[in-house]
Amino acid sequence: MALLWDTSLLLRKVKDLRCLTPRRHRVKEKWAATRPKLPPTRLAVHHFDATYSTQLGQLWPSVRLAMLSERKYGALLNNFSHNAALTELKAQGCVDFISEREKDVPSCLEEKSEEPSDVSMKSSDADGEQLSLSPNIKCLVFPRGDVTRFKPARPDKNGLLGYYLMDAASLLPCLALDVQEGHSVLDLCAAPGGKTLALLQTQAIRFLCINDSSVSRTLRLRKVLHSYVPKHFLTNENLRITSFDGTKWGEIESNTFDRVLVDVPCTTDRHSLMEDDNNIFSKNRTGERRRLPQLQLELLLAGIQAACPGGEILYSTCTLSQNQNLSVVEQAIYQAREKDGIHLQVVDLRPLMRMFGNTFHFAPDLHLGEMVIPHLAANFGPIYMCKLKRLT
């Protein structure tokens, strides 16, 4: 017993002498192990809680809950396919939200602020008028509150799938672009291809240029198109697929297109919250995430330069972030005027809200553009969009 006591006393004295041991010879104790890494999804939640709770206020808890829940999809009908997808989907209880759009203005929209932005002027001829939507675009959704999943699309006798599953709110930028017969259109950041496919459904475009800076994403885009569009259509001289740096498009083709869709890379909020794979909140992508607003600005400016005088540009993202939405548009309007001498007019998209206010949940009181925010009963989005008209 005395031996054990002497041993413990000796060990205590040795521990007390650690301060006399040179630092280079000290050994880390277990409690000094590195802190466990947080997964990207957890980092995204922390970032959004800090940012969007301030930006959205009382709306954030319900939006947060919706974004962490299973999202709703829409089935974009493929007019190039010859199967009975429309009849089958309607038999399951789906409705075409475009043809079933509202004719009257919901009361909640009548109170929306009508104050114009300090950096631009609202389009006077757009206020109160409805957009002329293409009758060829059809997108079916399950009723509000119904979370039934769509079955995978089946190919027809030519191997073309009957419909494309996408967030139905992602179709709104294509509808807002208001493509008319004979227009030339540029889709500047086209992959993975849902919006491109929607534009092709109009069957009104004279020339369509599809671009994405990533070669791998462009290959994925081509695979999507080959599953939905006849081969002879894809080899037509009126369709062009490229993999150029979109920020340089103003130098490649300026003053050319009647319509330009600029659906920029963003934090992709839903994916960031739900998937660790390819998540922009990964530690090794921190620099890329911080550079996003500058990249988005350069892409939008390139799209503005590519549009012809009198042409229209539609900027869109799938994030709630003000830094990637309103701030980018404000800077683009200012820089286009000050550096390039291009004057822009913000086109009022409230008619779109009037049409689809019962299908989607829109954010209130945005002074530039409109935004679909997720809601448990209508779990689409987020989608931000702002339409600019290049003045002659």
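Placed from the backbone N, Cα and C atoms, the Cβ positions cover glycine too.
Here TrEMBL gives region 'Disordered' for one range in the set 108-130, 269-291: that range is 108-130.
Across the structure, Cys318 (active site, nucleophile) and Asp245 (S-adenosyl-L-methionine binding site) are spaced 21 Å apart at their Cα atoms. Per-residue pLDDT, averaged across the domain 'SAM-dependent MTase RsmB/NOP-type' (97-391), gives 90. Whole-number maximum of the Cα to Cα distances across the S-adenosyl-L-methionine-binding residues Cys189, Ala190, Ala191, Pro192, Gly193, Gly194, Lys195, Asp212, Asp245, Asp263: 20 angstrom. All protein chains considered, the CB of Asp245 (S-adenosyl-L-methionine binding site) has 13 other CB atoms within 10 Å.
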